[in-house]
């Protein structure tokens, strides 16, 4: 049987990795897939660079549309990224009856519904294992491996840049800005790191996982997104003393009235495996009603780890594109006509627990006043840590850090309480609030 | 479309869990699979117990062959266990053109080659996610998620009973026999725990993973199998002091001259996630050339976690049985006509590093003599720990523990060296040898 012919759009880091791994392991991949899988055509604006990667024997063009127009191409890999031309090309490839493999999380988190509908109508597969957590086969686990389960929640470290920064901040006791510069120097953070450090990249991935887990359309615009730029070494240290580590988590959870979808720094008990995921590594915890807690760990980015996921999708398409299109694995895990209309909850409706740090005047009655406000609003306290007072200012006035861990409460209630606490004359600086997840 | 009809053979712990989860989540599973999936017929020797589990509306019979003979049944689940009647029934179900889902690791590790060949010839699927690591979708990860990779090694905690025992031994400083009794009382170990504590169960699972990872036939009889019955609290403590934990690992590795396939206690660096998998939990680390190191963690046994895997297989068969049988996911990950003839290496050919504990006379020159024997045989030393001498016997003679960590060496060489060391008059007790895996 003739090999599956693949056209590659965009041959940067991941594209080169895909080409190289497919070539290096071609014999083994053919033995697995039952057919050879070959990249026979590559489109890149930089034709010379593309040619340098693929050598002779592969057609290299500057115009992606030539690849889509080629009737010999069975599968198109989109590795251009972004929402613009990438979207147009994916839609055109689908129209042309090509199966599509993409690593483009931004595209799918925002336009996935439209893209998957077009693919279903045309009877082609859009595969995207590489879009979430790089080489970790988490899409497959959620969509197929855990299909027996009523999924209850997912919490993941799904951005390597921020996890590297947080690991370094903890290890070395340094503040965010210092470590960011170091991460940029080492190539762990980009020159413009906004999408990573502000949580946008993690939110794209969380949005995709949420849709697959709960059978809802992708709704990136409803995700709550908070990055790590305001975290201080002080809070990382206090969290440690209380038995927690701070991680940037992508969380999606089934709540009584809808779905939580949020990205923010979170305290995680230090004894959880997830808390011990260090450096640029990724890990996703999935809790299902039958299976309980499962965890998936690996490299979430990089040339060959991401290529591993891209090629797994090529093998899947090769093995399974002949299955009845109405029953084979649906793009979002659930059949397109059986999605749920569960709403994504606004952040004020989210229920979680909190770490609060208040800089307070070191005088009698402060603790009673603060805890009184919490009690009046029905927020119960899990732990309190009060540091010894230290001198501030020149007047002999002293102040101290008061750290409070709360039990579960509604975010809307916490917002109101924080405003009240902030207004107390004995509260001297802006209150730090970090959410806490027990992940039981 | 009418629901997929499933016949269940054997409704014990896992069977009940499968029936219950399938019923509880039927609506969600139907939305995922695009068709209902119903257990319509159950066979169990204990008809009354079966009836009590499934209630009315399901046909209950005492003879499994009635299920296989029923033309309305699409998929047969085999949860009887063992090599005897289970094998006959699986083969008969295949002959009758039924797809089969089984959790029977012993059967597949020993007779898998014959069973998969029969299934391929008849064009049916034999699915077995539940056979390895319970609810963790590790078969799917290996066979599909990592299909781009040249797999280099797998190391897994794949027996919950022994991991529970080792965790308790470490936590409480107790010896094996004491903890085993406690585990039996708590239901973590069976009345006859042989298959678990002697490593046989883990070796069944390692055999299956090895076949899928490297594209070789299942060859349980070639696995090296060593359990945890001879481990002492002393060695767990020394390992801890050296920065290691002791775990029962199922290991399979690609070596220059063949495949290593072995189950035995292993020192693992305490900082590895795998070393921090506690209690009855399972975890499998897979290292591929493209993806690097990945890890999969969850419950490896129990009614509903195992049911999660059984039902995932039902959904897979429902979604994908219409795919071209010559290309859909092969039973052993590789096409049946493309298996490898790489040999499974005898244990003497395995290369690994070692922890050695020698009880030696506390006299000058002992360390020099012992390390001299190692050096002469080309074994280099990674670390030495010598405890202060303590009194033994009534003659005023003193002895001491000498712990040595070695670098990589061939097991055959180590066997010879241990015989030499054991013959030294200053070595007072049988030498303890535990293998060590860095898992980098």
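Note: Cβ is positioned from N, Cα and C throughout, glycine not excepted.
What TrEMBL says about this one:
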type	residues	note
BINDING	B:9, B:10, B:11, B:12, B:13, B:14, B:15, B:16	NADP(+) binding site
BINDING	B:105	NADPH binding site
BINDING	B:190	L-homoserine binding site
ACT_SITE	B:205	active site, proton donor
DOMAIN	B:355-435	domain 'ACT'
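Among the binding-site residues B:9, B:11, B:14, no residue is found with its Cα located within 10 Å of the Cα of residue B:205 (active site, proton donor). The residue listed as 'L-homoserine binding site' has a Cβ environment of 13 other Cβ atoms inside 10 Å. All chains included, 28 other C-beta atoms sit within 10 angstroms of the C-beta of residue B:11 (NADP(+) binding site). Within 10 Å of its Cβ, the residue among the binding-site residues B:13, B:16 with the fewest other Cβ atoms is B:13. Secondary structure at residue B:9 (NADP(+) binding site), as computed by DSSP, is strand. Secondary structure of the domain 'ACT' (B:355-435), assigned with DSSP and counted as helix (H, G, I), strand (E, B) and coil, comes to 23 helix, 31 strand, 27 coil. Within 8 Å of the Cβ centroid of the NADP(+) site, not counting the listed residues B:9, B:10, B:11, B:12, B:13, B:14, B:15, B:16, the chain contributes B:8, B:17, B:18, B:44, B:79.
Sequence-distant contacts of the residue listed as 'NADPH binding site', defined as residues of its own chain at least six apart whose C-beta falls under 8 angstroms from its C-beta, comprise B:128, B:131, B:132, B:201, B:204, B:205, B:208. Along the domain 'ACT' (B:355-435), the predicted structure has mean pLDDT 91. Fewest Cβ neighbours within 10 Å among the binding-site residues B:10, B:12, B:15: this applies to B:12.
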